[in-house]
Amino acid sequence: MHTLPVKTGTRPLAQVQKLIPGLLLSAALAGVAILLGRSQWLQHNGISALTLAIVLGILVGNTLYPRIAAGSAAGVGFSKQILLRAGIILYGLRLTFQDIAGVGLHGVLLDALMLASTFGLACLLGTRLFGLDRTTTLLIGAGSSICGAAAVMATEPVVRGRAEQVAVAVSTVVVFGTLGIFLYPALFQLDQDWGLLPRDPGTWGVYIGATVHEVAQVVAAGRSIGIEAADTAVIAKMVRVMMLAPFLILLSAWLARDKAHRRQHSGATKITIPWFAVGFVLVAGLNSLVSLPPALVSHVNDLDTFLLAMAMAGLGLGTHLSAIRRAGLKPLLLAALLFAWLVLGGGFLTRLALA
């Protein structure tokens, strides 16, 4: 009687081993990005670890990575898909529902109006004026209207964008968000004579938080005006970030209905609920209702930054510069018009809401 050897757990172990090279590469790039992100100069200019991670990923992805891609692709894919979702869920720990009270009803309405109008304008201009594909348009719109690179990354699973489409959207956020760091303090000084907005730093903080792309960029722009402006700007920005989850759910439902219309209702269309967005809200709710130890929150936020940086590095590794060049100037022009709306339209609506 012959007995066959039992290889219990061999296949799962082999699958895990396939992930290790890509995970180590993504983790190494994320670690370097986080260390570089601690530079005072980079922090002052609002350049976050997430931005640095995708830049490093693109540099390595277009030089050394093609030689090792075969052995690393599985882990890199895991980083930009699974770890991304985990990072978005943990991002909720940075927020509390009490933040909403910090900006008041008018501030919340301003955030919601800027989100809806900016995203709607992106959809209109991107596909009709510039003739961009819808996925790139939606990603640029999400990044401009909510919270920059994190919003682009969170929207990608819903719209199923390609790596180069995500990279193009993130690059527009970096360009115009960085420009905003220098523009808003200059506008604040000019407005001391013009008087278009109330001169108090708190109002300018809400204006900045409701219109600047990235959280790091909001902090940098607000601090250039003053501590009060920076604190208010961060609260207004966090309220805007909190709108990410309902935005993703509504976007998923809208895309499902749109597909059904294009297929002339030929079959049942499933609305995909982005469960990581639900997890984001649940974690924010937990943070609002339960007083968690500050040390624990700090460590989890550090872990979250690392996971998101790994996801951004993974995205960069899969991005080909030739594909970005083929996209041309149209994505940048769309982002420029959205930035103009955020600055001008946002200032007008801030005056109406808070004056």
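Any Cβ shown, glycine's included, is placed from N, Cα and C.
Pulled from Swiss-Prot:
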- 20-37: transmembrane segment (TRANSMEM)
- 44-66: transmembrane segment (TRANSMEM)
- 71-93: transmembrane segment (TRANSMEM)
- 100-122: transmembrane segment (TRANSMEM)
- 137-159: transmembrane segment (TRANSMEM)
- 166-188: transmembrane segment (TRANSMEM)
- 233-255: transmembrane segment (TRANSMEM)
- 275-297: transmembrane segment (TRANSMEM)
- 307-324: transmembrane segment (TRANSMEM)
- 331-353: transmembrane segment (TRANSMEM)
Inset, instruction - Using a Cβ distance cut-off of under 8 Å, indicate which of 71-93, 100-122, 137-159, 233-255, 307-324 has the most pairs with the transmembrane segment (275-297). - result: 71-93
Legend entry - Interface check, the transmembrane segment (100-122) with the transmembrane segment (331-353), three or more C-beta pairs under 8 A: yes
Legend entry - Outside the transmembrane segment (44-66), six or more residues from its ends: residues with CB under 8 Å to it: 25-26, 29-30, 32-34, 36-37, 72, 149-150, 167, 170, 174, 177-178, 181, 214-221, 305, 308-310, 312-321
Legend entry - Positions whose Cβ lies under 8 angstroms from the transmembrane segment (166-188), at least six residues beyond its ends: 45-47, 51, 54, 58, 136, 139-140, 142-144, 148-149, 152-153, 156, 204, 207-208, 211-214, 217, 220-221, 224-225, 229, 312, 315-316, 319, 323-324, 327, 331-332, 334-336, 338-339, 342-343, 347
Inset, instruction - Report, as numbers and ranges, every residue of the chain located at least six residues beyond the transmembrane segment (307-324) whose Cβ falls under 8 Å of a Cβ in that stretch; write 'none' if there are none. - result: 22-23, 25-27, 29-30, 33-34, 49-51, 53-62, 65, 72, 76-80, 83-84, 86-88, 90-91, 149-150, 153, 162-164, 166-168, 170-171
